Every structure is written in C-alpha cells, then in structure tokens.
Amino acid sequence: MKKTPMISSSSSSSSKTLDSSSIYLKSYKSFTEQSSSSSSSLQSSLLSEQSSLPSIPTDLPQPKLIPKTRFIVDGFRYSGNYSVSYFLSHFHSDHYVGLSSNWSKGIIFCSKVTAQLLIDVLKISPLFVIGLRLCETVCIDGCQVTLIDANHCPGAVQFLFKIRDENGKFKRYVHTGDFRFSSSMKLEPLIKEFVGADAVFLDTTYCNPKFLFPTQVDSVNYVVDTIEKIRNENIGSENEKNVLFLIATYVIGKEKILLEISKRCGCMIHVDSRKLGVLGVLGFGKSETFTEDASVTDVHVVGWNVLGETWPYFRPNFNKMTEIMVERGYSRVVGFVPTGWMYKVKKDGFAVRTKDSLEIHLVPYSEHSSYDELREYVRFLKPKRVIPTVGMDIEKLDSKHAIAMQKHFAGLVDEMANKKEFIRVFHRRSLKTDEKGMDDVSSEFSEGLDKENSHKASKKNEPSEPLKSCSDLSLNSDVGFVLESTFPQQEPGSQDLEVSNDKHKEGMVQELRLCLPIWVTRDLILDLLTKSGGNIVEAASEFYEYETEFHEQVTGTNTPSALIITTPQSNSAVLSESPVKCITHQGLTNILSQDKKLPTIKHSTKGTLTPKKRGSQSDRMSKKKVKSSSVRESVGPKQPAITKFFSKLVPNDSQAIKSKTCIAEEHQVSENPLPTDATEPYKEHLDQFLQVLNGSISRNDAASILERAKGDLNVALDSYCKQSGGCLDKKGDLPLCSSTVQTQSCDNNSSLDDEERINISSSSVQGISTENATATLVSLPLEKYSPIEHACWRSGQPAPYLLLARTFDLVEGEKGKLKATGILCNMFRSLLVLSPQDVLPAVYLCTNKIAPDHANMELNIGGSLVTSALEDACGTNKTKIKEMYNNFGDLGDVAQVCRQTQTLLVPPCALTIQEVFSVLRKISSETGQGSTTRKKGLITKLMRSCREKEMKFLVRTLVRNLRIGAMMRTILPALAQAVMVHSSNLSHDGRLESLKEKLQCISAAVIEAYNVLPDLDLLIPSLLSKGVEFSASTLSMIPGIPIKPMLARITNGVSEALNLFKGRAFTCEYKYDGQRAQIHKLTDGSLKVFSRNGDETTPKFPDLVNIIEESCKPDAITFIVDAEVVAVDRKNGCKLMSFQELSSRERGSKSSLITINNIKVLYHIVLP
C-alpha cells in the first residue's frame, strides 16, 4: 500500500489556520477508502450534516480539557464522539494510552518529532496526525495555539492556548505536559505573553517540598565520572574488560545521559532493536553512538525496572543483574537508575546499593521539574489558578488531593484577579454600560449618600435604628452578640433604614449585599460603594481584600437590637425578652483610604458604646450561659459536641429542664450546684472499670489505678493487666469493653441504672487491645500448647486477624527455623479446631499471596497509595511518615508507631482473617476510573480496625514484604505437622516423640505435592480431608496449573562444575539465550504458556502458540511441555537472537508490537 504523506508536512507549514472538523472529515473519508470499510463514525456523520457534536460529558477529567473548547490534551483514553481535536504533549505511554494503530476518532496535534513516532512506532495513520512547528502560532478552530519546548524528552512540548471569549477578550491557558523548568523559559518571548494567564495546567509529578534534586548536568556528570573512575581502576588488571555498565531508561527519554557517556568515554552504547528504532526517528539511526551488537561495548541500556522497582522506595533486583552478568560473560556489573524519585543525596555522594560484585547507583536525574522549580515557574507566570495534571484523585479540581496540591502555590497566583472574577458572576448589571451612564449613576449615588450622611449627623445623639425586620438578622457565631439588660427599648418609628428612594442606588446596595457575608452592615456597604465610585465589582474586591480587618472592627462595635430565637417546637422567630446589643458600623471610609498593608486599623464608635464596668463573676457566667443556650436552642436538637467524649461525665444542665418549660425559662441560668456524685473523680468510669474487672479488686484500688490513668479506661486496664500478669477471668476469657459510656439523665441528681450501662461481653471480639498473656502462648512447645484453651477466640467465632499478627510478631523474632515452624504449627492447630474454614485464607496471608501464581491476581497498589491511606487512618502526614521510614526502614513499623500514638473515641471493630483476605481480593479486582479512590477506601477501613500488631503486618502485606523469614517451604510443613498432631490427638499423651518421623514425612510430602501442583486452593482442602493419610501421590499435575521448575545452580566456571560431579559421568547441553516456558494444552483444546515463575505469558507469545498448534497431533488431548524459547532471525539464516528480543515484548494482546514467526522451540520435555 502506498504510504500517505503526513498532513502536517503541508498544512502546518503553509497555512496558519486549521479547521479540525474539515480536516477530520477529509482524513476519515480517505481512511475508510484505504481500509475498504463502509462504516462511519458518529463524529463524521454529524459533521457531514453540519450538526453539532454531543456535549462534553461531565465525568471527563478536568485537567484533560481546555476550557471553552473541545480540545482534549493527553486524554486519549477518554476519547469520544464529542471531540475531534486531540493534543499530545510527548511520546510517553502514560500520555498516549488509548492510542492504537486503528485510531480514527480525531486529529492529533503534536510536535513533528512526536508525530513521526506515532506513525513509525504506534503505526497510527498519518491522516490523523498533524505535526506542528515549535514557536509558531497556528489558529486551530478559531483558537491560537503555540508549541514551545518542554525540556522533558525529544518532541515534548508545552501548549500555549489563546481562546476568545464571548466578550471578544482572550482567555490564556498554559498546558505544560511533562516538563523540566529552566531559567531560559523566562526569557522566551512567547511565554512572557502568558504572564497572568487564566490557568496553568501544571506537571505536578514532584509537587512536594521533599523533592529537591540537583540539576541534570550534575547528575549526568556523576554517571560519566563513575564509569571513567571504575575503568581507570581496572586498567592493566584482569578485570579490565569484565565490568558491565547498565543504564536503565524508558523507551524514549534519558538520551542526554547516553550521548554524554558516548562522547566523554569514547564508546558506543548497546540498545535493543526497538530502542534503536526510536532513536532512528530522533535522528540517531545512522550515527556511531548506538549499536545492537552487545559485544562491541561494555555500556548497555536496559529497560526500566530491570535493575529494580523505584516506588515507594528502591528495591534492587540483584537476581536479574546476576542473570545478565552470566549471560553476557562479565564478572562485575555496575548499574545506574536515573530518576527523580531517588531525590535523597548522601553527604558523600549519591546512594549506592551493593551485593557481592553487583552495585547500583541511584542517580537523582529527572526530566520533571522539582518542587522549587514548579514554584518558580508559577511565580513567573502568576496565573489566576493552577490545575494539577499529575497525582492521585486529581480528576476533579474540588477533590481533597487537588486542593491540597494547589495550596503549594498559594501566594504565587493572582488571587485578586480570582476574587474579581468570582464577584463578576454576581454582577447582574450589563458590562457594556457606556461610560457616561456610569458617571451619571456614580454622581447620583454620591449625591444620595451626602443626603444620608447629613440625615445621620442630625441624629448623632439618638440611638441607632434597628433593622427593619427580624428577617434581616440571623444568628451567626461571627456576629458577636452581647447581652445588655438595662438597655432601653427602641421607638417603632426608628426602624426605617431607607434614606433614599433612588432606584439606582438602592439596587446597587441590594446587589452588593448578595455578594457579601450576612454580618456586613449597610453602612459598610455604602462606604464600599462610595470608595469604588459605584462599581460593584471593585467594591466587592476591596471588601474581600480586607475582609479580616472589616470583620474585627464590625464585631468590636455593637449597638442595641433584638435577638431572634427559634424554638425546637416551631420554626417561627420570636423576640427574646432580654434585649441585646447588635452590630453597627461607622467611619470605615478611613480604612479604604489607608495604605494597602493596613498595619493598624482603628474604628470610631458611636456614643452609645461606652465601655461597661466589668460585672461580677456570677453575672458573667449567667450571660455566657444564656447566650450558649439560646444559640443551641435556636437551631433545634442536634448531636452532642465532640468535646463531650473527652470531658468528665457530669450531668448536662440542659437535660434537667422539663420539656414543658417556656422559652424564656429555658434561657435562665440554673442556680443549683453540681450533684455530689459528680464531684467524685471519674465516678462513672470507675463503676464501669469495676464491672469490667468483675469486682476482682477493691473500689479504692480501682479508683487509684483509674486516677493514675487520668480516667482513661484503656490505660487503666493495661496497667491492671501488667500488674496482675493478665486479666483473664476464671474461665480464661479476656474481658473486653467499650471505651465510651453513653448516658441519659432526666435530672441533675440522676445516676445510671444497671440496665442503662453498656453490656460488657467477654465473648465479644470488639473492644480494647491489650498485649496480655495469650499473646505469647502460641510459642509454647507442641506438647504444652492447648489449641482451645490457649487460643484468643472461642469456637463458633471467626478467627481474628490478631492471631496471625501475634504469630508473625513471634516468628519475626525467631532465628531458628524449627522454633518458627513450631509457632506456626500451634497457630494452625487452633485454626483446625476452632475455625477450620479459615485455614486456607490464613495460609495465603502467611505466604503473602491472595491467589495462586498462575491466576495473575495481584494487589496492584503502590507505596504511595498505602502511605496516603495511612495518613487518613492515623491522622498523620507524609513528612512525618518519611522521617520515621528513614529511621525504621520499614513501612510496617512506621504504621505501627502511628497507630500506637493515636487515641480513638470508640474501639474499632476487630478484623477477622476471612475479612482481611476477602478485602485484599476485592482490592485486586478494582479497575477502571475511580479505582484508586475505592482501593484507598478499603485500605483505610482495614487500617482503622487494626489492634496491637495488626497494623504493622497489614501494611507489610499491602507492600508485599511480610519480612517474617518464613516462606512457602516453612508454612506448608507447619500446616502439615498441625494436621498430623490434630488428627493423631497425641499431643497430651506423652507420645509426641513418636510422631517426629511422621511429622517429617508429611512435611516432605506436602512440599513435593506443591511442587507438582502449586495451587493452594486444591492442595489445602486435600491435606485437610486426607489428614495423616496424605501423601505426595494424592495429587497429580493438572494442565493449566504450572509446575514449579528445577533451577540450575550458577557456577564460576567449568572447573567448579567438574568438582561437583567428582569424576561421575554427566551430560552437557548448550545454554540457549532464551526464556524458560511451560506450554500446557488443556482439555478444552486451548493452549497456555507460563514463565518459570508461574506467571501466564500466553498473550506475549502468539507466534509460539501458532507453532504448537501446528505441531499437535489430533490424539494429543492434554500435555505439558517444558521448553526454552529463543528468538530467531529467519531473514539472516535463522540466526539466534538475544533474549532481549523476548523480554522487551509487551504483555498484551496480539495487537502489540510482536513480530509473528520469529520464535523457535529449541528443546522440550513432555511430562506424562
């Protein structure tokens, strides 16, 4: 097929105006003709009929849409029939996700480099790609669009949008894409035009004060200097050519490092064919810098995450490095991981991870802007607002995380412009009023104001006029009412506040009132309008600039008015019998004329506001209670204040008032003193404490313990348990209780009846968590451990997750494998007796899995999500978490400390093993939009229910690093031994010694069975049902479930291998540079391919599946083939290719970048 030239080659260069709709219609027509397709898209149908496209959906993430347009930036996954104009900032997969070779939903505008990558790499039709030149303004759909360099990766750009609004003015928007700020950007004339832009869509990848990394030049110099230093150290030695340097990069990006290494070290850089193809598009295809021949250079480029995972902290993959070292024939490997996440710099250089002859240098090289650089860029542009484009839950700008991110730029944006824009919405007057009309209104307003001020001056010594109606005043805690019992009543004739009937002036006053808080007085409104010359927008902006100062002065000046009280029985407003002082304001014109900084603001008060002498304490208490009661009663019945949970339990005086008391009586202060019972410290808690202990100690002793605990029941019970060696009752139960007591009293002298107290149940799983004697009983020897009596729960109840947490804590502290196996065995024995249905989930949690390996079911959560959930659950912050992580080195330990320092209002619901396991599986199944938020909610709920050590091991489970030193080869034998002891029932007969041989046999049998059938869903039920009769022959292999492979040992040379055989005969085979694969044919005829780790890789090898299907005979119903898969270059004499050709393949569908028929199965073993 003849290649269609890019539209960008002509359109973007010869024309300054582009119409995306007409271009799309022409392109789509040509595309359908080339593909011989008769179908048409909804966009093309509507545009052909000159109809409007559907409205933009409300759930489209706001950072992806440019306001007042249909321009979608880096939002191809959200593509739809509502737009045909798409913009791509650069060629990174997280930005072009949603694009494929069959893309035909719209026109893609991008830089010329990115356009060529889209066509050559993603195979997108050039009909739908338009490459634009940098620094050249193009009019697209009536909007001016300019591309400038983003200093990120080749082809990365920032978009500058100028969009004309309905008033003919331009709205300016900057979309940075991914970018690295440089000081040269401030000198770019095109960017200078966008100072004061309406919004900046900002790359907030490193929007955190902790991300302060060095310049790119410093980081590149470190990499080059390290390579040169190691080379110089090995000159003349036998290791001169035995050191391999590995550089981790993306498919596109980090080219600056590679070019500088080649230039200064005088060597070529080895890359795979895919990387070389991308470099060819960038102009490096025919250069002498890059090569596919791994033997000509010792500097090799590897894919990202090959050397280790970088988030939430770096986890090196030394096993992979060892494989590469052996396969390429080197004795030492030095790796470099350049990323901004490695922001921490040691005093003596960058961080280095080492193991034997392997070392990894963590280089804080970033192509994203650091925190200070982001702030510097925003400070330079001074936009009206910042819209974050990277981060969790930033799809909605009003989300918690988006708002928190925007706070980092407070003071750098044009806040005054935002206020004016907000006020302008409420300005209902036409903005097109001619200047002459506005002058007339302003002069009329000033004339009316002079008359009003003259009228006020004549009444200077008269009391201020109250509001016209009670509806003009509402109760607000900011108003600041002060009771005054001696103030005279107002004359009815003084309620009229209108001094002029001028419609223009009164309309402006009412319109401005709608924009201001309710406490603002009419005098203040008049002063604001006078200062602004009748301009409502300017008046409101002036007010909000000095709102705090205005509020302080208004609340500090009061004159009489009436108080509105709304009774709980009625919504009507009535006047209180007690007159009160209300707000007035005068002389605020002086404020507006002061300097903008307003260092001090004074306020002149009216003659009626002479300060009163301070009254007696009883009078003040009386007034405060009347005020508090009136406010509480005015809003009707509500739930108790949160401070009630933290105060001593004393009767509420409002509860002593009878329900038939009139409103006036409700606001009077009760003169009755507190009841005598309430004067005893912690009386109610003391009664509850004694009830929990079932009267096991005297009241005086209990009061002493409670007093030392300052009334905290949890602390008191902890203290008692430590003193008594545990708080077990006669039945061996641990009494549990709630930490709060709810009371209902009818009068001041009432006390709690027994029926009104919270029932304390020893069988309840909820309640306080105390590390008591039961926590360590599981570590008893097998013959002394009682599965029922020593368990922390009872028969019929679900097994608590606390059992696993306590067991993990003990196993973590044990160095001996036998002792650890015994602890796990005791735990499983209790599960077998009390909750056998929880054995399988417990085994999964012990092995840090939620499903068999071949099911490919992972949690798919990162450390950042766990950290964010930890913030919400424990009320801490990321800075504190990071500091503690640097000290402890383990996120689980950090979470445990955060939990221990947290005080709860009520005890959490206890976690069960089944609940934790089911929630983890639910987390793994969450996908789609909003899945991150849903996952975080599930994690937070689990964290809030953690007790004792549960938090520590829950977090470790979430980050996939349990760190207890027990793997599958320890867990399964422990379970097998528990089954044997449980089935034999010999643990208390003194004959446990005779079981040792049987225990060893069943332990070996279960491991052998797991190697053949590594599926706990099948293995565990079989083990539990067979009991002592279980053997390795009980289960057999099943097609579709991969078998655990036997891995070879790595040796340092042939001589070491010969020494191992000690003269015995052996067979040698050539080691092919490929990948291990198990090929399974299932009973339904389908084929599946698994890696040596048991992960399904069928979509990765469609050509391999084709080869096997062609080779299968009809009578081959099922089989398992253990094979080595090697890439073959069939065009060059079937030359064997390196394993990178396979490892670089995408784990996707057949539409991924996979060349069919370049696979060969070198050898296979058919397993019966």
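A Cβ is built for glycine as well, from the same backbone N, Cα and C atoms used for every other residue.
TrEMBL: automatically predicted annotations, no manual curation.
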Item checked: Annotated region 'Disordered' segment (source TrEMBL; candidates 1-20, 921-940) -> 1-20
Next item on the list: Please list, for the domain 'ATP-dependent DNA ligase family profile' (1045-1161), how many residues fall into helix, strand and coil according to DSSP.
Entry: 28 helix, 28 strand, 61 coil
Item checked: Whole-number mean of pLDDT values that fall within the domain 'DNA ligase ATP-dependent N-terminal' (800-976) -> 88
Check: Using DSSP, how many residues in the domain 'DNA repair metallo-beta-lactamase' (287-391) fall into helix, strand and coil?
Finding: 25 helix, 35 strand, 45 coil
